[in-house]
Amino acid sequence: MTTHSPSSGPTPGASDSGTGGISSKGLSAGSIGLLGATVIGISCIAPAYTLTASLGPTVAAVGTQMPGIFLVGFIPMLLVALGYRELNNAMPDAGTSFTWATRAFGPWLGWMGGWGLIVATVVVLSNLAGVAVDFFYLMLAQLFGNPDLADLTGNVLINVLTCLVFMVAACYISYRGMETTKAVQYVLVAFQLIVLVWFSVAALVQVAEGSAFDALAFSADWFNPFLAPSFTAFAAGVSLSIFIFWGWDVTLTMNEETRNPKTTPGRAATLTVGIIFALYILIAVATLMFSGVGTGALGLGNEEIQGNVFAALAGPVMGPFAILMSLAVLSSSAASLQSTFVGPARTMLSMGHYQAFPKRFASISPRYKSPGFATLMAGIVAWGFYAVMRVLSTDVLTDTILTLGMMICFYYGVTAFACVWYFRSEALGTIRAFLLKFLAPLLGGVILLVIFATTLYDSMNPEYGSGSNIGGVGLVFILAMVLFIGGIVLMLIQRSVNPAFFQGKTLTQGSSKEHLHMQ
Amino acid sequence: MTRVANYVVAYEATERGNDTVELGVALARLTRSELRLCLVLPHHASTVPARVGAASSPDYQALLEEQALEWLEQGRARVPADVVATTHLLYADSTTEGLLQAAATFDSDRIVVGASRRGLMNRFTIGSVANALLHSSSVPVALAPRGYTAPEQLTRITCAIGTRPGWTPLLDSLLAFSEGLTVDLRFVTLVEVDAGRGHPVDHAGSQAHLASVLEYFSTRSRAHGEITTEVASGHSVEAAIEALDWQKTEIAFVGSSRLAQPTTIFLGITAHRMLHALPVPLIVVPTGTDARKPH
């Protein structure tokens with residue numbers, strides 16, 4: 001006699017809705033309204049962190065076309081997310097890129113899809129921590145009025161060790177399964193938005209007063225992405241734009257948690273993207289008008305500041321209130337560090353469970369009910385990656401963001417094609433199915449594939465990204481290759497140690513129709 | 001539908017969780033109750049979803065659930081055949097909240113939790129879940145010491161009692177608990193002897209108090225067993241506890257009210273010290289609780 005749900009019986013004491021109740025499923029059913037869902041979406045995107053990390057590299061790629069690129073960059077994200085949602089509805093219990101890709105394409109591509117996701121999130125973890133370290137010392141400098149403190153971040157040893165401390169803290173919080181409460185999340189998101197708008201307005205005011213660093217007159221052409229200097233630049237820009245919207249798709253896939261599953265996710269996704277669009281365009285235009293795209297001290301073309309633009313601009317733009325920007329980016333990075341840790345840890349756990357990774361990765365802490373070993377490994381690898389990068393490249397942040405864009409393109413692309421292939425037998429059934437299960441993911445996948453191939457090819461150029469190179473080959477390309485080949489090697493090792501997964505014994509390949517018959 | 005006497009057992013697949021099951025079994029045997037083995041999982045993190053898409057959550061949730069059910073089976077396997085136990089997988093924002101709601105849902109008599117694993121020897125230190133329960137539970141909370149194993153039968157209940165008003169709820173709870181049971185009862189008062197100041201110890205007062213306690217209890221008690229009283233003294237709370245003899249087949253009762261006088265003890269700071277020294281399971285009865293009316 002086993003009951004899993006005491007609340008299903010006639011029990012007046014227990015409520016089955018609201019965050020406080022015990023529910024039979026893990027989801028707090030019906031607890032999130034439109035505002036809540038929107039806040040979650042914005043929180044996942046972490047605009048303050050995302051912008052400081054991506055404004056520089058985007059300007060480096062497409063110059064003044066940045067606002068336009070931000071707009072088109074959303075299109076492949078949207079197309080893939082529509083496919084994501086269909087997969088999520090069809091296989092609600094199997095929801096990682098890894099499991100979907102394995103079901104659609106079999107173990108080999110499935111494994112690489114999972115690997116792509118893990119690598120992308122591990123890379124973003126290291127970048128997040130890097131941005132947090134910069135802002136941490138900047139904030140100390142602002143707090144004590146001592147600019148020397150901000151320079152500490154330039155000391156490789158101090159930087160890497162501080163990053164270790166942040167990583168250990170994030171890892172521990174993840175392991176303990178601690179969560180930010182709703183109230184804290186609302187405050188953090190509101191704070192981020194206010195500070196970012198403040199920054200933009202302050203920058204525009206300075207432009208109007210003629211005190212801007214390198215005032216650039218506004219031009220409507222900025223919104224035309226096709227004026228990008230070359231297809232290379234366009235592809236790099238789109239790849240970065242995918243990074244800046246990363247996390248948005250969360251709102252689309254929230255179903256049972258929302259009060260009205262039919263309308264809330266769609267509306268929240270629209271509202272989120274509306275707010276994010278407005279914010280990104282405002283910031284992009286304001287920074288362009290204030291700083292210009294030159295390579296001067298505060299110019300967006302300056303490689304020194306590209307990896308972390310707000311760190312350099314907040315002071316000149318916001319004056320004594322610059323510390324608010326530090327707080328906004330720090331809190332946004334911290335929240336993002338936490339929500340990002342969940343991704344690789346759970347995917348590794350899932351891969352461990354299906355024996356695609358060593359069994360240890362599947363272990364769940366009986367005390368904290370979190371993927372203990374996988375979380376630890378994600379932390380160690382992310383920190384190790386950051387430490388190596390910091391030593392190798394002076395502009396570590398820029399290069400990691402470019403590598404990251406590529407990795408996101410890869411695993412999103414694999415997932416998009418997985419959707420197309422998995423639903424192949426029902427694609428022509430209805431117009432809706434054709435659009436959402438076939439056309440949208442196919443288009444999204446193709447766009448991502450093109451962007452991925454282009455950026456991979458272009459990144460061989462030693463001038464690509466920060467200009468760091470090894471033996472005349474761009475560092476970004478080498479990074480991507482190391483990560484992919486490393487994945488293939490690990491896959492082959494796992495294949496020889498434990499072939500069960502690769503023989504299709506743990507997860508079966510098939511299409512939506514076949515899986516339907518099996519049930 | 002008649003109410004089945006039952007205990008919520010806070011299970012987790014750790015040593016501490018096993019201790020909890022053992023204590024649950026011991027209490028269930030004594031009072032012929034059923035066990036509700038509860039494993040509390042955190043709510044799907046809707047406030048902090050994975051950035052890589054909520055996509056990665058359902059899969060994880062399914063695996064977590066699978067693992068949790070497996071854990072619950074392991075827990076149930078530890079319950080001997082003579083005790084009825086059901087397993088329940090619960091989701092709540094916190095373990096404490098889940099257990100409280102389970103106790104309300106099942107109309108449980110007690111919640112059984114493990115003491116923290118950090119305790120030395122077989123002694124108590126209160127873990128965060130137990131601590132939170134002690135502050136919020138309206139039903140008594142039973143604390144299992146580390147490494148506890150259930151005896152065939154519990155033979156004695158020791159009730160530690162203070163002298164301030166407020167001991168009647170504790171006695172009422174004990175009366176309800178021991179009704180119809182064949183078990184010895186021992187009432188003790190702990191006296192801390194302050195060697196430095198050399199206060200005269202009011203043994204006589206303690207004895208008199210115990211006598212009134214005894215009278216209140218024995219006129220109402222329907223337990224079958226010997227009732228004794230004892231005054232324990234020592235330089236510290238721990239020493240006073242250790243001055244008493246403790247049997248392996250014993251459990252202790254204490255009220256959670258602040259009954260402390262300068263030289264006599266109860267909860268608050270001294271309670272924690274007392275717990276450090278206690279080698280047997282402890283049931284903490286909240287003040288102001290109506291003693292659970294049996295059936």
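Note: Cβ is positioned from N, Cα and C throughout, glycine not excepted.
Please treat TrEMBL annotations as automatic predictions, because they have not gone through curation.
Annotation comment: TrEMBL describes A:1-17 as compositional bias 'Polar residues'.
For A:1-21, the entry in TrEMBL reads region 'Disordered'.
The transmembrane segment feature in TrEMBL is assigned to A:27-49 (among others).
As annotated by TrEMBL, transmembrane segment applies to A:69-87 (among others).
Taken from TrEMBL, the feature transmembrane segment covers A:108-136 (among others). Long-range contacts of the transmembrane segment (A:108-136) within its own chain (CB-CB distance under 8 A, at least 6 residues past either end) are made by residues 49, 52-53, 96-102, 153, 159, 162-163, 166-167, 170, 246, 307-308, 311, 326, 329-330, 333-334, 336-337, 340-341, 343-344, 347-348, 350-351, 356, 378-379, 381-383, 385-386, 389-390, 396-397, 400-401, 403-404, 407-408, 410-411, 414-415, 418, 483, 487-488, 490-491, 494, 501-502, 507.
Using a Cβ-Cβ cut-off under 8 Å and counting only residues 6 or more beyond its ends in the same chain, the transmembrane segment (A:156-175) has close neighbours at 125-126, 129-130, 132-133, 136-137, 334, 337-338, 341-342, 345, 365, 368, 370, 372, 375-376, 378-379, 382-383, 386-387, 390-391. Per TrEMBL, the feature transmembrane segment maps to A:156-175 (among others).
The annotation transmembrane segment is assigned in TrEMBL to A:187-206 (among others). Residues 39, 42-43, 46-48, 51, 180, 212, 275, 279, 282-283, 285-287, 289-290, 310, 313-314, 317-319, 321, 324-325, 327-328, 331-332, 335 of the same chain lie 6+ residues outside the transmembrane segment (A:187-206) yet bring a C-beta within less than 8 angstroms of a C-beta in it.
Sequence annotations record features per position, and here TrEMBL assigns transmembrane segment to A:226-248 (among others). Outside the transmembrane segment (A:226-248), and at least 6 residues removed from its termini, the chain residues within Cβ reach (under 8 Å) are 41, 44-46, 50-51, 54, 57-58, 61-63, 65-66, 68-70, 72-74, 76-77, 81, 124, 269, 272-273, 276, 280, 339, 401-402, 404-406, 408-409, 412, 447-448, 450-452, 454-455, 458.
Per TrEMBL, the feature transmembrane segment maps to A:268-290 (among others).
Annotation source TrEMBL lists transmembrane segment at A:310-330 (among others). Within its own chain, the transmembrane segment (A:310-330) is flanked in space by residues 48-49, 51-52, 131-132, 134-136, 138-139, 142-143, 191-192, 195-196, 198-199, 202-203, 206, 213, 287, 290-291, 297-298, 302, 304, which lie at least six positions past its ends and keep a Cβ under 8 Å from the stretch.
Taken from TrEMBL, the feature transmembrane segment applies to A:370-389 (among others).
Tertiary proximity for the transmembrane segment (A:401-423) is limited to same-chain residues at least six positions away from its ends with a CB under 8 Å from its CB atoms, namely 53-54, 57, 76-77, 79-80, 83-84, 86-87, 90, 97, 100-101, 103-105, 109, 112-113, 116-117, 119-120, 123-124, 127, 236, 239-240, 242-243, 246, 307, 433, 437-438, 441-442, 444-445, 448-449, 451-452, 455-456, 459, 464-465, 476, 479-480, 483, 511-512. The feature transmembrane segment is assigned by TrEMBL to A:401-423 (among others).
What TrEMBL lists as transmembrane segment is A:435-457 (among others).
Here TrEMBL flags A:469-493 (among others) as transmembrane segment. Beyond the ends of the transmembrane segment (A:469-493), by six or more residues, the same chain brings 108, 111-112, 115-116, 119, 123, 389, 392-393, 399-400, 402-403, 406-407, 456, 459-463 to within a C-beta distance below 8 angstroms of the stretch.
Counting only same-chain residues 6+ beyond the ends of the transmembrane segment (A:435-457), those with a CB under 8 A from a CB of the stretch are 75-80, 82-83, 85-86, 231-232, 235-236, 238-239, 242, 402, 405-406, 409-410, 412-413, 416-417, 419-420, 423-424, 426-428, 477, 480. Note on the transmembrane segment (A:370-389): residues 118, 121-123, 125-127, 129-130, 160, 163-164, 167-168, 170-171, 174-177, 341, 344-346, 348-349, 352, 360-361, 363-364, 396, 399-400, 479 of its chain, located 6 or more positions outside it, place their CB under 8 angstroms from a CB of the stretch.
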